[in-house]
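Okay, handing you the structure first.
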Amino acid sequence: MEVFINLLVNGVSTGLLIFLLAAGLTLIFGLMSVLNFAHGGLFVWGAFSGAWIFKETNSFLLAIVGAVAVGMVLGWVLERFLIRPVYGNHVRQLLITLGGMLVLSESIKIFWGPNPIRVNLPAWLEGSYQFDGIIIIKYRVFVIVVGLLLYLALWLLLSRTQIGLMIRAGVLDKEMVQALGINVKGLFTFVFLLGAGLAALGGALLAPYSGVVFAEMGMQYAILAFIVVIIGGMGSLQGSALASLIVGVAGAFMAYYMPDLSLALNMLLLAIVLLVKPTGLLGEKGSAV
Amino acid sequence: MRGVFQKMPLYWGLAILLFLLLFPFVNDSRSTLILLAQIFIFAIFAMSFDILLGYTGIVSFGHCMFFGIGAYSTALIFNKLDATLPNFLIGLVIGILLSALVSYIIGLLSLRLKSHFYAMLTLAVSQLFLVLAEKWRGLTQGGDGFTFSVPDVFKDRTSFYYITLFSVAAVFILLKLFTESSTGKVLKAISQNEYRAEALGYKTLHYKLIASVTAGVAASFSGALYAVSLRFINTNVFSIEVTLDALLMTMIGGLGTLAGAIAGAGIIEFLRHYLSELAMTYPIFERWTIILGFLYIVVLLGFPSGLAGVMKKFTLKKGRKEKKKREMERAA
């Protein structure tokens, strides 16, 4: 029972971190059919800059805010100079965002050196809660709470606000929204910055969680996020949330019982979803086929 | 055959081949021969990628897996058995068969997907191979890798140089024949407009599978040569950097022209060689990958048709100028 609850908590918290990465990916794809391979680069920049600011200032809040700011600035540069020139050309989009990923993760090594960096937990989140012998690490609860709050905020943004309405409409039919006089490109920039900020936030939250950050981390988590986005359905926020939880929890259990097979499990999930339901679990837009 | 060797490029190709054949007699410095052999190996790899991206328009981000499969098959054979030439052939054939099988299965499952899904899926599968190679320590010794001995013919730098040179020439001719064949024409049609090719009655999936298996086999061959050239292997052959190398070389050289891929391989390997030498005096160049990354982005944004495109434009312009000149003379 103990193990079960622990694994569940681990899985849900990892899942919510992946969700932060996947949310941006799925919205960006839904709105503009751009698959951003550089998203993992923003994530790893968030992780490193968050860890660095935390070490320098010893303020976790400042670290998170700084990481998000860095992520958004980089996201803006990426959108403005790499993605905007190749709108509408899928092949070149794929190629150029992968190039962006390379540059982002290599430049990490210029600023912080090629070796992994250790990250400490903030003092007020160290330690664990204890209920009848079940030990739950405080920081994981914190991640879960933050993740759920962000999901709620995103959901409110999309379903209750004017701009959310425009985004949802844009996902369904971009041309029609444009014909109605809404600046879809501006909207896309907004969504891209939002996604970049979320990715950086995910990285900043992950850094103390895993205790160590390294430049290749971006690609690893980006692949997880891609898998999540496909399983959940491209363009669907709820789908991504659901798939993140599935992948996170399944990953946690596999890592405990069969550690060598945890990545294979995700691939298996992915293959099943693609074969059985190519639109993904809650896909709203377009099929993978 | 006529289409393969149009006159001008044929002369150029033969001149370059002759130069490279005589090169070891002029300059037999070890490091230059090693560098050139490395270029030839990566030229084969880049050409195999060009079949996918340039000729068929398939974006694969997992091409390193075939390179790695070829490299590991050969390395493991030499690790377990004696270093003889027949064993090399066995390793080569195993690698090629495995690559063909893997590319066929992956293609069958995923080539029907849209381009971004395919790119993502191949990336994920190649990472799966990386993890497999890292976890299966009993066989691969993980990231530490292992060394192995190779037949003498591969050890001698001059003979290895000739082996790689003949390999690159042979692969170039074979792939050129392939792209000029009727199958190659269909691939070109798919890259331009897949729906239209399908509407004309071609089973595009079938042709894409052929392209994918061909590319996988050629990449596996280059991987085997790579392992032999280093006499050492570790999990780096499955890393995303290997795929990026192929991308960089084909993009810089020019998509859809096999010769461009060779030129791209030459440029990138030369750059890498000199930048890493520069790094010894100027530490800033230690991170030369980022320079290649910027170069890649600049080429993608500014010169999407690569070196080959730039040259074509130049010769076209020259041709037009000459034509104009002749017309002016006639008018006068």
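Every residue number used here counts from 1 along the chain in the order it is shown.
Placed from the backbone N, Cα and C atoms, the Cβ positions cover glycine too.
Automated prediction, rather than curation, is the source of TrEMBL annotations.
Okay, so TrEMBL annotates it like this:
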type     : residues  : note
TRANSMEM : A:12-30   : transmembrane segment
TRANSMEM : A:60-82   : transmembrane segment
TRANSMEM : A:94-113  : transmembrane segment
TRANSMEM : A:133-158 : transmembrane segment
TRANSMEM : A:186-206 : transmembrane segment
TRANSMEM : A:212-232 : transmembrane segment
TRANSMEM : A:239-257 : transmembrane segment
TRANSMEM : A:263-283 : transmembrane segment
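Describe the structural context of each listed feature in the structure shown, including burial, neighbouring residues and relevant distances.
Counting residues 6+ beyond its ends, the transmembrane segment (A:12-30) has Cβ neighbours under 8 Å at 36, 39-40, 43, 140-141, 143-144, 146-148, 150-151, 154, 167, 170-171, 188, 191-192, 194-199, 201-202, 205-206, 209, 221-222, 224-226, 228-229, 232-237, 239-241, 243-249, 251-252, 284-285 in the same chain.
Within the same chain, residues 36, 38, 41-42, 45-47, 49-51, 53-54, 96-97, 99-100, 104, 122, 124-125, 188-189, 192-193, 195-197, 199-201, 203-205, 208 sit at least 6 positions outside the transmembrane segment (A:60-82) and bring their C-beta atoms closer than 8 Å to a C-beta of that stretch.
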The transmembrane segment (A:212-232) and the transmembrane segment (A:94-113): do they have three or more Cβ pairs under 8 Å, with pairs 6 or more apart in sequence?
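Stretch pair touches.
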By Cβ distance under 8 Å, which residues at least 6 away from the ends of the transmembrane segment (A:133-158) in the same chain are close to it?
1-2, 5-6, 9-10, 12-13, 16-17, 19-20, 23, 121, 125-127, 164, 167-168, 198, 201, 205, 208-209, 237, 241
Same chain only, please: residues at least 6 beyond the ends of the transmembrane segment (A:263-283) with a C-beta under 8 Å from a C-beta of the stretch. Say none if there are none.
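Same-chain contacts beyond the ends: 224, 227, 229-236, 238-239, 242-243, 246-247, 250-251, 254, 289.
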